[in-house]
Amino acid sequence: GGSCPQKNAEILSSQYGINLFLAGLLLTFAWAVHAVGISKSHLLSYLITLMLIQLLWMLWYLCRSCTQRRLIRDKDTHAGARWLKCGITLFAVITLILDSFKIGYYIDFSNCLSPTEGIFPVTHAVHTILQVYFLWCHAKDIIQSFKTLERFGVIHSVFTNLLLWTNGVLTESKHQLNEHKERLITLGFGNITIVLDDHAPQCNCTTTTLCSIFSQGIYYLYPFNIEYHILASTMLYVLWKNIGRKVEHHQQHKTPFKFHGITVGMIFGLIVLTSTIAIVVVYLIQIGRSKIKSELALTMFYLHAIFVLALMCTAGIVALLIYRLEDRSLDNSKNPARKLDAELLVGTAAGSWLLSWGSILAIICAQAHPKYTWYNLPYSILVIIEKYIQNLFIIESIHREQEKVNDDIKTLRIVTISRGSTLSLTPSYKEIYNGRAARDSGEVPCLFKGSICGRENGGGGSKEETSQENSSVMHSASDFSFYSRNSVTNNKRRVLKNIAAFLFLCNLSLWIPPAFGCRPEYDNGLEEIVFGFEPWIIVVNLAMPFSIFYRMHSAASLFEVNCKT
């Protein structure tokens, strides 16, 4: 009887969150296009109000949890993994540095800035600290009391983080757009109107050097702030989906990350990571300097990306082929965290697919093709293929059941002949493999390599002994077959772990260029000519945040795959 009201509460809370988000999104858009009567202070006031409401709810939840800490609560063992908490903590620390820079920037320009621009970073810093603590302590909770109220509190938190993410994306995109407009002139696209969209304060800074450090540093820290809010919103969404959920109680095996056995994947991945950082540094130095240097920077970026994407495609295909050779069932149990992971992979991949298809269409339809633009064609095609393959690999990996030891293997024993006249059983294979077999000095276990178990006492053997020896030979043959299969399985697992480690580092590598301003979709210039400058920039600004998040989310999922394999 309680399922209908709870379903209604879920629907009502989701609609509340969507309307909250749409109102903030419209306000953000109005500020971005300089709508009459809408200033940045209005947007920041709205965001501050949402954060304060979330702070009140989190404090109420934490206080109630402290009063009920002796109660046994259900936990979702799949939600809020430790490595995910560590990742969001790292991003939160850098976000706090960003807030300190914003406070310093406000102090230097306090004469002409609204007070909300000083209140916002302070509120955001407090919000960040309390939210990270909340997620560390309660991300796994399955709420069973005050469910209707908690649904509204959690969904409010989800969409507050999404609006903060949107605000960060827009601010960072406007800064990047101003730089790319200036770069296009060096590539010879003089017919594109260059109008800088500047929201800089209309007064002089009190300390010029500090102002320059703060203003430049803020934009280098925004990528981490953006990732922090999207990770927080996904963790809170899983908490919202778990409200009122009934969980099957079963033992969850811990899967710690180990470096053992993934040396090859780590070495190749680190090579890719190092080379990518070098490419990004050279790209940012060369782009916009002159036409020749800009073209060389774009060509260098495309060639490196094509090589990396080809390697990732090959690794993903090998992993999928190994899965086809294995006969292991999939885990189809209800799991909100796993379902969200799969949906985010496919949903956010659509952002880069949109950009890739736009580039392919621009290359086909353009009348003039500078030499460097032809490298964009294989690059765009490989981006589409690589994400197809990688999504298949990750989604299948997180849905595969963990390998369990067969009951027949657990109870299997080796028949031996003891010093006396009776037969005895040696310990199990697991004990033998761990070096704990045959502790009694009177037992001599059978060997696997076809040797026949014999007795110490020589002399004529009876038919009974002969049959026992034949039985021992049959056991040893099956034993050898088992260990051969086990060796093949271990080799496959080692290959899969190396592939997951390699793809993990590759996705981190491919996250770096767009996150720190290396975006050929802006600098290419060909798409702007075909689609028009403003339409293409709108497409890029909408799709790029999803493309950036895809790489970070893929890296997180591949880390989980590596632990699970």
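Using N, Cα and C of the backbone, Cβ positions are placed for all residues, glycine too.
Unlike curated entries, TrEMBL annotations are predicted automatically.
Below 8 angstroms of C-beta separation, residues 43, 46-47, 50, 152, 155-156, 158-160, 162-163, 166-167, 170, 174 of the same chain, each at least six residues beyond the ends of the transmembrane segment (16-37), sit close to that stretch. According to TrEMBL, the feature transmembrane segment maps to 16-37 (among others).
Residues or ranges marked as transmembrane segment by TrEMBL: 43-62 (among others). Sequence-distant contacts of the transmembrane segment (43-62) (same chain, at least 6 residues past either end, Cβ-Cβ under 8 Å): 20, 23-24, 27-28, 31, 114, 116-117, 119-120, 123-124, 126-127, 130-131, 134, 137-138, 150, 153, 156-157, 160, 163-164, 167.
Tertiary proximity for the transmembrane segment (83-107) is limited to same-chain residues at least six positions away from its ends with a CB under 8 Å from its CB atoms, namely 113, 117-118, 120-122, 124-125, 128-129, 131-132, 135-136, 139, 206, 210-211, 214-215, 217-218, 221-222, 224-225, 227-228, 231-232, 235, 257, 556, 559-560, 563. The feature transmembrane segment is assigned by TrEMBL to 83-107 (among others).
The transmembrane segment annotation in TrEMBL covers 119-136 (among others).
Taken from TrEMBL, the feature transmembrane segment applies to 219-240 (among others). Sequence-distant contacts of the transmembrane segment (219-240), counting only residues of its own chain at least 6 positions beyond either end whose CB sits under 8 Å from a CB of the stretch, comprise 13, 76, 79-80, 84, 87-88, 90-92, 94-95, 97-98, 101, 128, 131, 135, 138-139, 141, 143, 151, 154-155, 157-159, 161-162, 164-165, 168-169, 171-172, 175-176, 336-337, 340, 344, 515-516, 545, 548-549, 552.
Marked as transmembrane segment by TrEMBL: 261-285 (among others). Outside the transmembrane segment (261-285), and at least 6 residues removed from its termini, the chain residues within Cβ reach (under 8 Å) are 297, 300-301, 304, 308, 311, 494, 497-506, 508-510, 512-513, 516-518, 562.
Marked as transmembrane segment by TrEMBL: 301-323 (among others).
Residues or ranges marked as transmembrane segment in TrEMBL: 344-369 (among others).
The transmembrane segment feature in TrEMBL is assigned to 495-517 (among others).
The transmembrane segment annotation in TrEMBL covers 529-550 (among others).
Remote same-chain partners of the transmembrane segment (529-550), defined as residues 6 or more beyond its termini with a Cβ less than 8 Å from a stretch Cβ, comprise 165, 169-170, 173, 177, 189, 192-193, 223, 226-227, 230, 344-345, 347-352, 354-355, 358, 361-362, 365-366, 387, 511, 514-515, 519, 521-522.
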